[in-house]
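Asker: Take a look at what TrEMBL says about it:
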SIGNAL    1-35  signal peptide
DOMAIN    50-86  domain 'Glycosyl hydrolase family 59 catalytic'
DOMAIN    90-312  domain 'Glycosyl hydrolase family 59 catalytic'
ACT_SITE  Glu161  active site, proton donor/acceptor
ACT_SITE  Glu237  active site, nucleophile
DOMAIN    320-380  domain 'Glycosyl hydrolase family 59 central'
DOMAIN    453-620  domain 'Glycosyl hydrolase family 59 C-terminal lectin'
Amino acid sequence: EEEWMQARNAQVRMNIGNQCCVFLSTFLCISICLGEDYDLDDKTGLGRSFDGIGSLSGGGATSRLLVNYAEPYRSQILDYLFKVCFLHLEGYEWWLMKEAKKRNPNITLIGLPWAFPGWVGNGENWPYSFPDITASYVVSWIFGAKQYHDLDIDYVGIWNERSFNSKYIKLLRYTLDKSGLERVKIIASDNLWEPISSVVIADKELQDAVEILGVHYPGTNTVPEALKTGKKLWSSEDYSTFNDNVGGGCWARILNQNYVNGKMTATISWNLVSSYYEDLPFERDGLMTAKEPWSGNYVVESPIWITAHTTQFTEPGWTYLQTVGHFTHGGSYVALTDERGNLTIITETMTHDHSVCIRPPLPSYDVTDQNVTFHLKGTFVRGLFFPPLFCGLNGSFSIELDVDEVYTFTTVRNGQRGSYPDPPPSAPFPKSYKDDFDVSGNPYFSEAPNFADQTGVFEYFTNQTDPGPHVSTLRQVVTQRPVTWVADADQTISVIGDYQWQDLMVSCDIYMESVHAGGVFIAVRVNKGGGVVSHFHFWVNYPFKLFNNGMTVLAEGMSGTRARVWYTLTLTVKGNYASADLDGYPLWKNAVLWEPRHGWAAIGTSSFELAQFDNFAIEALA
């Protein structure tokens, strides 16, 4: 009885909304066993090998603001993220991969193209017309990861949620092998179960090339053909849900049921961390929230703790028992063993309304309070796995489960809930903000703090042609429209600031590098992000134009500007009126505007072209 009380008092209890999340460091043994009975048995063999829980950073610069947090808050956020999962990235976040590797040297790194450089498609929005070029590009990226960042990429995908091409997959496998990268495995096709499963079955060469069948948002289910392939099955993108308590419930349910229902041995969340402006598309769809580097505030949301229920007490390479499944009165349970004396059981009783994911639709079902009794059989019944405490004379233990609860029962004793002092309070973006883009040394990030690129790439640049005040600038560097995953804007743009801003003044020095075409703009009241951007912007080339929503011209005229000369643009918006200056001289005053009424500030170019920016400043007036 004394040992039982010590074990009972050692539990770590976390209240997450209505979810009661408890880690029990040894098994609780209750003498009166009521309710339903469930066997945990390895005598008929084991199930599939567990490959881990992961998160995807990318598909919209989802970790963009994280790098700009000051210490110690940046390291605290990274600790919460990378001591619990593995990482699925796109390729521009080298710093994030290295930080992940510091905290978990055994972390798995995956690369998945969402877009390709325009030259890969040779003018077409299609990466498979010249599969040898595309394969060479991907292999070069993998080599670059190792050569320049000492990072080993473990898996590579084909093209996010788009058609696959069997010829390309085979050629990619051949190119990897020829380049000495036999260890890098291929995931296909990061879309639906079909047609990839049937094609793999019918094509022996393709079957040999593909290591993992990866599917997005499977709803915890698979198809018979996928199982027939004999391949490992992954939910290679899942969750994508607002990270409140319902999002935590979604994550808890699918982590268990992706294996119980679909035999998927890895689940990867989109996205890793909501570190982008909240009013951009898919706001707060990360496992935690870190969107205020200027204040240092961040929030450890419930999906982080749900993740820990598995990752703190298992490791990739552990094996699921075959005896896993659904509880009679709703919910599910999985059990995993390291086959060296440890056993971990995770149970969840998420109700329908407390675990709805963003997709796919969730059919109705019922969950009620219940008593469950687990009977340990096979090698587990001997009690050798649970010193110093046997679970009853017959190797059984019982637990009363309420709805919307997650429990972990484990023999692993080194798991714990990490914690840091509370971060600083939330604060809005500063109303007065300046950046001259001067950086010393070689920063480990290339983007200016707080700018969030929506289209194009804006990077620090050393302007060797100007030894004067514009040596250090911010430069838009993409000169060709990429092979895009989805519809993208024709102009490049990077947003910054507060979505609620209404009246403000924005100024910036600009330098147009294209002699015969193009132009540079500053913008206010940008109220949409992603591929469709809505804003007022002041566009300068040889004429100037003031656009409303990127289409309606509110003012225009000759500016006298030319390429390769620095100019200062100023755009002021108050109420329904906009005014602009060029080098301190008015171009127009009080142009009438109506919508949008609020939004971010921004800089950009009128096409994919080289252009530079310097001495950016904002004064929010209301």
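Here the Cβ of each residue, glycine as well, is placed from N, Cα and C on the backbone.
Curation plays no part in TrEMBL annotations; they are all automatic predictions.
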Asker: Starting from the Cβ of Glu161 (active site, proton donor/acceptor), draw a 10 Å sphere and report how many other Cβ atoms land inside it.
Answerer: 16
Asker: Validating a neighbour-count step here. Other CB atoms within 10 A of the CB of Glu237 (active site, nucleophile): how many?
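Answerer: By my count, 27.
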Asker: For Glu237 (active site, nucleophile) and the residue listed as 'active site, proton donor/acceptor', determine the Cα separation and express it in whole Å.
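Answerer: That comes out at 10 Å between the alpha carbons.
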Asker: As a quick check of your reading of DSSP, tell me how many residues in the domain 'Glycosyl hydrolase family 59 catalytic' (50-86) are helical, how many are strand and how many are coil.
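Answerer: So the domain 'Glycosyl hydrolase family 59 catalytic' (50-86) is made up of 13 helix, 7 strand, 17 coil.
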